[in-house]
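First up is the structure itself, then whatever we jot down about it.
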Amino acid sequence: MAAPMTPAARPEDYEAALNAALADVPELARLLEIDPYLKPYAVDFQRRYKQFSQILKNIGENEGGIDKFSRGYESFGVHRCADGGLYCKEWAPGAEGVFLTGDFNGWNPFSYPYKKLDYGKWELYIPPKQNKSVLVPHGSKLKVVITSKSGEILYRISPWAKYVVREGDNVNYDWIHWDPEHSYEFKHSRPKKPRSLRIYESHVGISSHEGKVASYKHFTCNVLPRIKGLGYNCIQLMAIMEHAYYASFGYQITSFFAASSRYGTPEELQELVDTAHSMGIIVLLDVVHSHASKNSADGLNMFDGTDSCYFHSGPRGTHDLWDSRLFAYSSWEILRFLLSNIRWWLEEYRFDGFRFDGVTSMLYHHHGVGQGFSGDYSEYFGLQVDEDALTYLMLANHLVHTLCPDSITIAEDVSGMPALCSPISQGGGGFDYRLAMAIPDKWIQLLKEFKDEDWNMGDIVYTLTNRRYLEKCIAYAESHDQALVGDKSLAFWLMDAEMYTNMSVLTPFTPVIDRGIQLHKMIRLITHGLGGEGYLNFMGNEFGHPEWLDFPRKGNNESYHYARRQFHLTDDDLLRYKFLNNFDRDMNRLEERYGWLAAPQAYVSEKHEGNKIIAFERAGLLFIFNFHPSKSYTDYRVGTALPGKFKIVLDSDAAEYGGHQRLDHSTDFFSEAFEHNGRPYSLLVYIPSRVALILQNVDLPN
C-alpha cells in the first residue's frame, strides 16, 4: 500500500513536499481544490507528471518530437520506394540474423538478409526489377525469417504488417503485402465532437442475422442507417485489430496494424468510417494495448526468438487469467510501436478516438485480479501501481489530443482510479471519459437476487450518481460483457424463454413479458438520464435482443447461431421488439434536443422506498420513475426548482412503446409555490405503476 505524506509527520516537510509538487505540476492546485482528499498523494501526482514530462523531453531530444516518434509505421515494416524498390525495417534485438522471404523469391529463406543497425534494428533495401517494376507486387505473401541466437530458424509476420489473412483450413494467418495502386480517398470530413455522447457499441462480424461472419460492406449498408435512425452519434467498433481467434471477441490481438481481414479489405473499413462521418456519426476504435496474443507464428510473441522482445520477460510478461503477453511499457521501441499504432488508426482509417480496453490490468501490477476496490485512496497509489503503464496512457492521450483535439478517449477501468479522467496538466491520466462499470452489475444483481418490491431506490440512485466530480462517465445498462455466453442480456434476464413464444402482438401480454418490456424501458431511461455524461448501448440490446453471444468454437461445434444479431425482429410489425426499439430511438432524440448528458449532474429530489418512486431534474426536465410493480399514484406531489406549466415529452406507457396508455398527453401540469423535498415548487402528477415519465417546463426557453 502507499504511504501518503501526512501533516502529522513533520508539518514543515509536508508543506515543502506539497509546494514542490504544486510547482512541478502546472494545474495540480486545481485538482486538489476539486478533491482535497488527494492532498496526501500530491507527491505521487508530481512523480507521475515528471516521468511523463521527462519521456516527452527525451523523445524530443532523441527523435525530434512525438510527432516523428509516432510515425514508426512509415519506416518499419515493408514499403515501396519512389524508384520501385522496397525498404524493409524491423526491431529484433534478440535476433542473430533477419531475412525477408515470400512469393517473390520462391520462399528462399536467406537470399535477402537485413543489415544490422544500432539498438536492435535491422534494415533491407531491395532494388526494383530491371524494367523498374516492383519485385514484390501488391498481394504477395511475405515472411520475416529470424535466426535466433540458439540457432533456430523462425518464420514470422512483421509486427507492422498492414494486412493478414487466413486461407482455407490454415491454422495460422499469412502476411499479405498490401500496396494497392489506388488508396481509398475519404470524401467526408470528421464530424464535430458531439456535446453529448450516445455510443452504439458494435461488432462487424456479428452484425448480420445470418450464421456467418458479416462484412464491412454489410455493416456500412445495413447497420449504419439503423444506428443513425436510432439517434446514436457515435459508434464504438470492437474486434477490428486483427485477432487470430474469432471467439476472443477481438481481445487477443495478433497484428496491431492490420484491420481484420475476416470482414473485408482495409479500403472497405475506410469506407465504413467515411460513410459514418457522412451521417454525422463519429467512430471510436476499441484499442487493445493492455495485452497481446501468445501466438508466435502469426503474433508478436517471441518475434525475435526471445520472450522479452515486445513484452516483459519471465512471469511479469504473462497475464495468467487472460493467458496473454504483457507489454514492457518502459521500453523505447515498445513506446514507439504503441504510439505509432494509435496514430495509424487515427490517420489511416480516420477513427475519432479510442476506448482503451483493460486499463485496470495496465494500471496495477496485480492487474486487478482478486482485488475488491473499496475506494480507499491508498489503493490507487504506491508500489502496486505500474507507473510505466500509466505514463504510456498519459503519452497516448497527449498524442491523441495533440493530433486531433476533438478526439475522444475512454478508459475501461473498474478500479475507479482518481484523476484518470483529469487533464494531464493536473497530473491526471488525460482520458475524456471512463466507463461506469458498476451500473450494469447493479441491474443484473437486482434482477437475479431481488423481488421487484424489494428493490432499493436509494441504492439504485447511489450507483447511478456515484462518480467523481468533473470526471465524465459513460453510463450503460449493459454492454457486450453482459451478453456473453454464461450471462444474459437484460431482456433475457427479464423475459427468458417467454421471448421465444410470447412476443407476438397477436397474443395478450403475459405477466412476464409485460414486466420485462416495462422494466427494460425504465432501466435504460434512468441509466441514460442519471448515470453519466455519456451513454452506451451494445448492438441489438436497444430492442431487447434475445439470447446471449457465443462465437463459433469447439465447445459449440463451431456454431454461428449465437454469433449474430437478429435485426429483422424489430422490423416485424407483429412482434413486440419494435416497441423497445421505438423507445430507444425517442429517448436518444429527446436527449439530442435537451442535452441532459452534457448538463450538470441531476438533482435527485425523491427516492421513496415504500412508494418505489425516484424523481430528479436535469437539463430543465423533470424525470419521474415509478418502479412499484402494482401501485399507481393519483395526484402524487413531485418537487421542482422552477415554476411553470409542465407537459409530458416522453411516456414509457405510450402505445408505440408497448405501454398501457394510462396517461393523457394533452394534460397540463401546473406547479405551485409549495415546497417539497427541498424544492421551492411542486406539482401533482398521476404516476401509473412501472412507468417512466419526462416532463418539460414549457414556460422555460427550450
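Backbone N, Cα and C atoms are what each Cβ position is placed from, and that goes for glycine too.
Looking at Tyr173, Tyr380, Tyr476, Tyr577, Swiss-Prot tags one of them with phosphotyrosine, and that residue is Tyr173. Annotation note: Glu412 (active site, proton donor) sits in a coil segment as assigned by DSSP. Among the recorded positions Trp107, Lys143, Tyr173, Glu412, Asp481, the residue whose Cα lies closest in space to that of Tyr119 (substrate binding site) is Lys143. Counting every protein chain shown, the Cβ of Asn62 (substrate binding site) has 10 other Cβ atoms within 10 Å. Here the recorded positions are Trp91, Trp107, Tyr119, Tyr173, and the one whose Cβ sees the fewest other Cβ atoms within 10 Å is Tyr119. Annotation note: Asp481 (site 'Transition state stabilizer') sits in a helical segment as assigned by DSSP.
Across the structure, Lys143 ((1,4-alpha-D-glucosyl)n binding site) and Arg336 (substrate binding site) are spaced 22 Å apart at their Cα atoms. Lys143 ((1,4-alpha-D-glucosyl)n binding site) falls within a strand segment according to DSSP. Here the Cβ of Glu412 (active site, proton donor) has 20 other Cβ atoms within 10 Å, regardless of which shown protein chain they belong to. Here substrate is bound by Asn62, Glu63, Trp91, Ala92, Pro93, Asp118, Tyr119, Gly120, Lys121, Glu333, Ile334, Leu335, Arg336 per the record. The longest Cα to Cα distance in that group is 20 Å.
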